[in-house]
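Asker: In case it helps, Swiss-Prot gives these features for our protein:
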ACT_SITE  263  active site
ACT_SITE  337  active site
BINDING   251, 256, 274, 335  Mn(2+) 2 binding site
BINDING   256, 333, 335  Mn(2+) 1 binding site
């Protein structure tokens with residue numbers, strides 16, 4: 001979906017439908033620029049008050065655009081960012097199967113929300129029908145945004161288009177089933193991205209023999225139970241090689257049965273989403289390539305499948321990580337931290353400026369924060385603040401959680417340097433504390449997206465989060481560093 005901005009309604013246009021956002025406090029003044037026939041009688045007859053998400057079709061009363069509607073904002077001055085998605089869904093649901101080209105007058109919308117509203121439109125327009133015999137009839141391609149004043153300059157529009165591309169790509173990857181999207185498939189996707197952007201991307205793929213040569217036995221303890229071999233994939237975005245890179249590390253467990261510590265059968269199908277951290281890294285790299293931001297970034301994907309078999313790791317097994325630390329694996333369903341710890345050690349070779357790992361790591365984080373906020377863990381106050389700011393700007397929000405030494409003793413093992421679980425309490429925190437032991441040589445943050453990477457129920461599917469957050473974070477660094 002492509003966006004164009006205008007200061008007034010264009011006289012020469014191919015748009016087929018017009019939506020006018022209206023403030024309940026300034027209903028008449030919002031409509032002064034349009035010659036709407038019988039406006040007073042229409043408002044009186046319908047009792048339209050421009051309450052939030054209230055719609056009023058004009059049924060040909062606007063001569064310049066016969067297919068036009070009003071959409072209420074309520075009191076625009078009190079509008080919250082959380083409501084933008086609902087407005088976007090109302091417009092997209094009405095338009096996307098009918099019109100190729102629509103216009104939306106956003107003059108009544110607070111200027112600071114213009115970027116988020118455009119982004120919300122792209123998110124609402126996403127549909128996944130790859131394996132459906134009958135495809136979705138989505139025809140909407142072009143949206144004109146009209147406002148005499150807007151924050152959507154050329155750079156902001158480019159960022160919207162890039163995030164749309166990357167987030168949709170991440171959602172597609174997340175929605176694909178485990179029999180299609182397995183570790184080698186993720187590696188193939190990375191190589192395909194490099195072929196699409198050969199001037200920007202360098203991709204390296206490690207196989208299991210190479211991992212063994214590097215001593216990555218925590219990672220291999222997860223992948224050994226599956227017939228699908230694991231892969232570690234790095235994608236280097238080479239726009240500014242003289243900079244120390246931002247490294248993004250994604251958990252890519254393409255299907256998680258729990259291994260020998262088998263998960264319950266109910267809802268296990270959703271464990272195809274356990275690679276959404278990796279999907280978000282691939283999506284962010286795609287968005288970077290689309291936006292061509294001048295920044296050095298490395299994406300790393302820890303791709304494995306966690307399956308039970310005669311070769312699978314047993315509870316109580318002890319392995320040596322690439323860092324040299326030993327781990328007692330008390331629960332094979334705490335596998336994400338095992339593939340991540342070796343990957344977090346491996347990426348030290350890039351001499352990173354900062355490292356952010358993204359993982360659907362713990363159910364405990366879902367219990368703590370639900371499906372609204374991602375968990376943010378970092379011992380670095382400055383880095384944490386930058387991520388929180390980017391989350392607010394992109395409305396891909398996070399909540400900072402503790403990662404402090406007080407919790408480390410919960411990971412003590414009588415037989416190894418560390419256990420891979422820390423008992424029944426504070427599970428999201430002890431998981432982050434486990435990872436922290438492998439990240440002490442660089443600035444690091446951990447995003448637990450177990451609650452935000454996908455939705456269940458009628459809206460079931462991958463969300464593509466936190467691609468908007470990560471892209472905003474990177475764009476902010478470009479702006480700050482020039």
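Using the three backbone atoms N, Cα and C, a Cβ is placed for every residue, glycine included.
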Asker: Using the Cβ centroid of 256, 333, 335 as the reference point for the Mn(2+) 1 site, which residues of the same chain not in that list have Cβ within 8 Å?
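Answerer: Close Cβ neighbours, site residues excluded: 222, 253, 257, 258, 259, 261, 263, 271, 274, 306, 332, 334, 336.
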Asker: Check the Cα-Cα distances from residue 337 (active site) to the recorded positions 251, 256, 263, 274 and tell me which is shortest.
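Answerer: With Cα distances computed to residue 337 (active site), the winner among 251, 256, 263, 274 is 251.
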Asker: Least buried of the recorded positions 251, 263, 337, going by other Cβ atoms within 10 Å?
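Answerer: Each of the recorded positions 251, 263, 337 was scored by Cβ atoms within 10 Å; lowest is 263.
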Asker: C-alpha of residue 335 (Mn(2+) 2 binding site) to C-alpha of residue 263 (active site): distance in Å?
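Answerer: Distance between the two Cα atoms comes out at 12 Å.
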Asker: Rank the binding-site residues 256, 333, 335 by how many other Cβ atoms lie within 10 Å of each Cβ and give me the one with the fewest.
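Answerer: Counting other Cβ atoms within 10 Å of each of the binding-site residues 256, 333, 335 gives the minimum at 333.
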Asker: What three-state class does DSSP give residue 251 (Mn(2+) 2 binding site)?
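Answerer: Assignment for residue 251 (Mn(2+) 2 binding site) reads strand.
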Asker: What does DSSP say about residue 256 (Mn(2+) 2 binding site): helix, strand or coil?
Answerer: strand
Asker: Using all protein chains in view, find how many other C-beta atoms are within 10 Å of the C-beta of residue 274 (Mn(2+) 2 binding site).
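Answerer: Cβ-Cβ neighbours of residue 274 (Mn(2+) 2 binding site) within 10 Å number 28.
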Asker: I want the residues beyond 251, 256, 274, 335 whose C-beta is within 8 angstroms of the mean position of the Mn(2+) 2 site's C-beta atoms, in chain order.
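Answerer: Checked against the 8 Å cutoff, the neighbours are 222, 252, 253, 271, 275, 304, 306, 336, 339, 359, 360.
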Asker: In whole Å, note down how far the CA of residue 333 (Mn(2+) 1 binding site) lies from the CA of residue 251 (Mn(2+) 2 binding site).
Answerer: 14
